[in-house]
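Asker: A single structure is presented below for examination.
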Amino acid sequence: MGVLRHVVCAMSGGVDSSVSALLLKRMGYHVTGVFMKNWDSQEEKGLCSSDRDCEDAYKVCKMLDIPFHEVSYVKEYWHEVFSNLLWEYERGRTPNPDIICNKHIKFKHFYQYAVNTLGADAMATGHYARTSQEDEEVFQQKLTEAPKSLFRDRFEIRKPVRLYQGADLLKDQTFFLSQISQDALRHTLFPLAGLTKGYVKKIAAEAGFQHVLKKKESMGICFIGKRDFENFILEYLEPRPGNFVSIEDGQIMGKHKGWFTLTLGQRARIGGRADAWFVVDKDVTTADVFVCPSTFHPALFRDTLQTDRFHWIAEEPPAELVHTQMMDCHFCFNNRMPLTPCTVTLNLDGSVWVMVKEPMRGMATGQFAVLYKGHECLGSGKIIRLGPTKFALQKDQSNTNCLHKDTNQQHPEPHS
């Protein structure tokens with residue numbers, strides 16, 4: 001009789017993690033369900049439903065007759081995710097807490113808890129994603145430390161595990177997994193890898209998981225709940241009012257409560273104005289937020305960005321990029337957007353420049369640039385610098401044309 005493999009499944013109280021636990025048990029594994037509490041909602045007037053989610057996860061584990069545990073990462077989440085979120089917003093950036101949470105909480109602290117405390121052979125989550133490993137290969141992996149240099153040891157014989165989009169491309173969640181470590185990925189199972197959301201719901205219905213099936217799919221950030229983002233963020237950051245300024249003529253259009261309540265591309269709520277204006281830039285030194293009068297204004301579009309040191313899931317850049325310093329692939333900075341063709345340039349410090357084929361709307365610093373080659377998610381880097389907008393380039397071209405015109409007028413062609 002073979003060894004009974006122990007898999008710890010992260011339980012959120014939702015349909016995806018519930019079906020993941022069910023499938024793992026059907027595969028013959030010894031499954032333990034664990035609910036993570038990452039946010040203390042005692043002072044949030046019940047807006048974050050973590051208590052109900054925990055109860056729902058417990059009910060599923062009871063129905064499956066598997067052990068259930070609850071673990072708190074409230075302190076870790078505050079210091080490693082939420083504090084970082086506030087720091088980024090104060091500097092005018094637009095962070096992604098879901099990517100940061102997966103990196104630091106689910107695939108670091110929870111992963112270590114599963115392996116070291118519960119003695120798991122592997123962990124599992126309900127993400128719609130897959131890897132290059134067969135399930136049995138996951139159990140053969142050894143724990144190793146992440147490389148401390150830009151490239152891993154060339155003399156280390158270690159085939160990297162690769163992250164791929166799941167079968168349901170509409171629900172693919174590799175975007176949110178683009179910062180996780182190679183070591184955690186090696187020890188993770190994704191039971192929903194080959195399934196569609198519709199089929200997962202069918203499995204849940206047949207299993208009698210009605211209490212999770214009827215729940216609305218979580219969208220957005222849990223700790224904000226149903227509140228307006230501006231009201232939420234102002235509970236943690238002091239209001240810093242400033243002006244809405246037209247990008248076209250410098251006219252003051254109205255007042256705002258703080259640049260950190262706004263992100264590039266969103267509609268600016270300017271009192272007394274019925275027409276739509278959109279955020280195109282922020283100056284944290286003057287508190288000015290620059291706006292434009294159309295959702296398709298050229299000031300919202302740009303085609304170039306730079307990241308910080310890029311996190312390659314396979315621990316090193318693709319050979320093509322190392323050899324030529326340039327590579328064609330696909331890019332996105334928002335999980336709801338389609339993948340866009342781009343060219344990537346590798347810098348000596350490990351950062352990358354990304355140039356997309358067509359200018360894109362609403363890119364902002366603090367967001368993550370996620371790269372794909374085919375269906376493989378290569379990794380991501382935080383956007384630290386943006387190239388010029390179409391509007392800025394048009395102005396430069398206009399000024400250059402005016403300069404040439406003035407020069408020609410000052411030095412007219414001699415008459416023949």
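Cβ coordinates are placed from backbone N, Cα and C, and glycine is handled just like the others.
Owing to the predicted nature of the structure, the values given are computational and were not obtained by experimental measurement.
As annotated in Swiss-Prot:
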BINDING   Ala10, Met11, Ser12, Gly13, Gly14, Val15, Asp16, Ser17, Met36, Gly126  ATP binding site
DISULFID  Cys101-Cys222  disulfide bond
ACT_SITE  Cys101  active site, nucleophile
SITE      His127  site 'Interaction with tRNA'
ACT_SITE  Cys222  active site, cysteine persulfide intermediate
SITE      Arg267  site 'Interaction with tRNA'
SITE      Gln367  site 'Interaction with tRNA'
REGION    397-416  region 'Disordered'
COMPBIAS  403-416  compositional bias 'Basic and acidic residues'
Asker: For Gly14 (ATP binding site), which of the recorded positions Cys101, His127, Arg267, Gln367 has the nearest Cα in space?
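Answerer: That would be His127, nearest by Cα distance.
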Asker: Using a 10 Å radius around its CB, how many other CB atoms surround Ala10 (ATP binding site)?
Answerer: 24
Asker: Restricting to the chain of Cys101 (disulfide bond) and a gap of 6 or more, list residues whose Cβ falls under 8 Å of its Cβ, or answer none.
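Answerer: Looking at Cβ-Cβ distances below 8 Å from Cys101 (disulfide bond), excluding near sequence neighbours, one finds Asn38, Tyr77, Val81.
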Asker: Using DSSP and collapsing to three states, where does Ser12 (ATP binding site) fall: helix, strand or coil?
Answerer: coil
Asker: What are the sequence-distant neighbours of Arg267 (site 'Interaction with tRNA'), meaning same chain, six or more residues apart, C-beta distance under 8 angstroms?
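Answerer: Those within reach of Arg267 (site 'Interaction with tRNA'), by Cβ under 8 Å and sequence separation of 6 or more, are Ala276, Trp277, Phe278, Val279, Thr295.
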Asker: Long-range same-chain neighbours of Ser12 (ATP binding site), Cβ under 8 Å, sequence gap at least 6?
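Answerer: In sequence order, the residues whose Cβ lies under 8 Å from that of Ser12 (ATP binding site) (at least 6 apart) are Phe35, Met36, Asp53, Ala57, Gly126.
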